[in-house]
Amino acid sequence: MATAALLPISSFLLCLALAGGTEEARQTVGAYKLQNKKGDFSIVVTNWGATLMSVILPDSKGNLADVVLGYDTPAKYVDASSAFGTVVGRVANRIANGSFVLDGKTIRLNKDGTTVLHGGHRGFNRVIWTVKEYVPGGDSPYITLYYHSFDREQGFPGDLDVYVTYQLCCGPYELRARMNATALNKATPVNLANHAYWNLAGDGSGDVLGHLIRVFASRCTPVDASMIPTGEIAPVSGTPYDLRAPTLLGSRIKHVSGAGMAGFDINYAVDGDEFGFRQVAYLRDPASGRALELWANQPGVQLYTSNWLNNVKGKGGRVYGQYGAVCLETQAFPDAVNHPNFPSEIVRPGGVYQHDMLFKFSF
């Protein structure tokens, strides 16, 4: 396994003293770079929250830009409340009332308000992961991170071993992300998601209202005022949520809303086999020519247009404003534990959760 070096070459190291147990008494946070042989496509990952810190690639004229929002150093991620690029879990998205019934037993989670969002106050995006393997270059550079989630962490039942791998592979400008989780001793819900904020014009370049988007879904899961699904899986045909043909985001942004704010914040039921690997979405910035195809094997994808992003100071001092990025979070349906008609996210002891994503870039 390769060792870390200083950013921007490969890694910035930060030692953290954490409360709550001798195993986490002192751990190191780093930033790890993967780069293709040509040198024009790279990512940076930190083991704080298994976070995707940057994705740098060319535009149609060969100009390089970072196309995900975030911060310059791991320390900024540790201090921030934002989920920029993180892996969220044990259960991504919302769980109504912070509780659910599993095998006849009521499970009560550590609530933050009236619900639990992205696994709770100390979800997987707020912990240090262990770097298990790191190959920064060559034909298929990759990094694998590991986290052990203990029984009753944030209230969730059972011990869980979790692995996340980021890899440049398969095509000249393709990023693969693989998430696996094994339930060791109790049945538990598992729903991991990557929360990257994409702006294909470059982070901090302005809003994404000029981006074209296509979502391969003919249904979505409507929500109530608390952003909890009603249980309905509704057709999008004839509504502003219908993105089955390439659509300018700016043409729809004022016709949809989430939690009272204009913009997309909705889970789509992706067409095809619920757990089959298929295309989920397409995103393109006409000005730069950069485009992204997203493929995954999850039942849903949360489309979020950064409605609540409000002048956050990010990389290089650039300021991120409302609609400054698009999130495409492949996932199980929100609050699936409380809706028997939704695809199950329960993993039984010895069972393995698998979530594969492929980001295909072009320009």
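Every residue gets a Cβ built from N, Cα and C, even glycine.
TrEMBL: automatically predicted annotations, no manual curation.
The Cβ of H195 (active site, proton donor) has A83, F84, G85, T86, V87, V88, A92, H118, N125, C327, E329 as same-chain neighbours under 8 Å, each 6 or more residues away in sequence. The active site, proton donor annotation in TrEMBL covers H195.
Sequence annotations record features per position, and here TrEMBL assigns active site, proton acceptor to E329. The 10 Å shell around the Cβ of E329 (active site, proton acceptor) contains 24 further Cβ atoms across the protein chains shown.
If you look up TrEMBL, you'll see N93, R94, H195, A196, Y197, D265 marked as beta-D-galactose binding site. Other Cβ atoms within 10 Å of the Cβ of N93 (beta-D-galactose binding site) number 25 in total over all chains.
Positions annotated as signal peptide by TrEMBL: 1-21.
Among the record's beta-D-galactose binders, N93, R94, H195, A196, Y197, D265, no two C-alpha atoms are more than 19 Å apart, and one pair sits at exactly that spread. A simple way to gauge crowding: the CB of Y197 (beta-D-galactose binding site) has 27 other CB atoms within 10 angstroms, across all the protein chains here. Cβ-based neighbour count (10 Å, all protein chains) for R94 (beta-D-galactose binding site) stands at 21.
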